Amino acid sequence: MHEAQIRVAIAGAGGRMGRQLIQAAMAMEGVQLGAALEREGSSLLGSDAGELAGGGKSGVIVQSSLEAVKDDFDVFIDFTRPEGTLTHLAFCRQHGKGMVIGTTGFDDAGKQAIREASQEIAIVFAANFSVGVNVMLKLLEKAAKVMGDYSDIEIIEAHHRHKVDAPSGTALAMGEAIAGALDKNLKDCAVYSREGYTGERVPGTIGFATVRAGDIVGEHTAMFADIGERVEITHKASSRMTFANGALRSALWLKTKKNGLFDMRDVLGLDVL
């Protein structure tokens, strides 16, 4: 293997995101697809991962056992469900493997487990691996510092009918970016639902609205509304490949890291802007 390459393992190889990750890994210079995983009992076990993803034969066979492929990868990429990701996290921590985590929907205990593991292994944990979304998060911080104290802030997100968590991890990251810029804790100012007689809008809150329909890949808007004007900052994704490429870019970035918890803004160097 070339010294500059990083070998990656992909969790949930047969899922929508898993297949995109496999395609991206096969196409990206400096990355080698080392392993592809599916759950025990899946009909996809034994398949060629590249053929499964529509990218041609890869020579990597889809397996269910991390133990069986532990010597075949350096970084584990996981966009599955919280319970599965935490199982994979424990394995990677035990065996000194880096992780790129795009799974959303973790509770506080799950997030704490990731923080603790990052003391021993290097982890990029982000709600969204799109370059555009992470640029948007930086713009939201700037906008919040200028307009946040004088405007009503609402976050609207839309995803496909199969998404199981709400609000999306990206929407929550947007809220956290805005709240942090205003020296607030999102838990103290977020409003996640409105129904019936709600009374007037409470000043200083950040509202969330969620849409689930069709095959929407992902759309997010933050609205700063004042009397007579409003500013809207929007990101729309048309392909999951943007997330896959960002995840692979993160895996390459991790090759020089021994431990620590990072996000996509670290990978892109946005915090210096």
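Cβ atoms here come from the backbone N, Cα and C positions, even for glycine.
As annotated by Swiss-Prot, NAD(+) binding site applies to G12, A13, G14, G15, R16, M17, E38, G102, T103, T104, A126, A127, N128, F129, with the evidence given as sequence analysis. According to Swiss-Prot, the NADP(+) binding site annotation covers R39, on the basis of sequence analysis. The active site, proton donor/acceptor annotation in Swiss-Prot covers H159. As annotated by Swiss-Prot, (S)-2,3,4,5-tetrahydrodipicolinate binding site applies to H160, G169, T170. Residues annotated as active site, proton donor in Swiss-Prot: K163.
Features as recorded by Swiss-Prot, highlighted on the structure.
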residue : record                                          : DSSP class
G14     : NAD(+) binding site                             : coil
E38     : NAD(+) binding site                             : coil
T103    : NAD(+) binding site                             : coil
A126    : NAD(+) binding site                             : coil
H159    : active site, proton donor/acceptor              : strand
G169    : (S)-2,3,4,5-tetrahydrodipicolinate binding site : helix
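In sequence order, the recorded positions near G169 ((S)-2,3,4,5-tetrahydrodipicolinate binding site) (Cα within 10 Å of its Cα) are T103, A126, N128, drawn from G12, G14, T103, A126, N128, H159. Here the candidates are the recorded positions H159, H160, K163, T170. The one whose C-alpha lies nearest to that of E38 (NAD(+) binding site) is K163. Here the candidates are the recorded positions H159, H160, K163. The one whose C-alpha lies nearest to that of T103 (NAD(+) binding site) is K163. In sequence order, S168, V211, R212, I216, V217, G218, E219 are the residues near the residue listed as 'active site, proton donor/acceptor', counting only same-chain partners six or more apart with C-beta under 8 A. Sequence-distant neighbours of R39 (NADP(+) binding site): residues of the same chain at least 6 apart with a C-beta under 8 Å from its C-beta are S64, G84. Within 10 Å of the C-beta atom of G12 (NAD(+) binding site) sit 23 other C-beta atoms, taking all shown protein chains into account. The recorded positions close to N128 (NAD(+) binding site), defined as a CA atom within 10 A of its CA, are T170 out of H160, K163, T170. Highlighted in sequence order, T104, A127, N128, E157, H159, K163, D165, S168, A171, G218, H220 have their Cβ within 8 Å of the centre of the Cβ atoms of H160, G169, T170, the residues recorded for (S)-2,3,4,5-tetrahydrodipicolinate, and are not part of that set.
A straight line from the CA of K163 (active site, proton donor) to the CA of G14 (NAD(+) binding site) spans 16 Å.
Counting other C-beta atoms within 10 Å of each candidate's C-beta, the binding-site residues G14, G169 are led by G14. G14 (NAD(+) binding site) is 23 Å away from T170 ((S)-2,3,4,5-tetrahydrodipicolinate binding site) when you measure Cα to Cα. Comparing A126 (NAD(+) binding site) with H160 ((S)-2,3,4,5-tetrahydrodipicolinate binding site), their Cα atoms are 20 Å apart once rounded.
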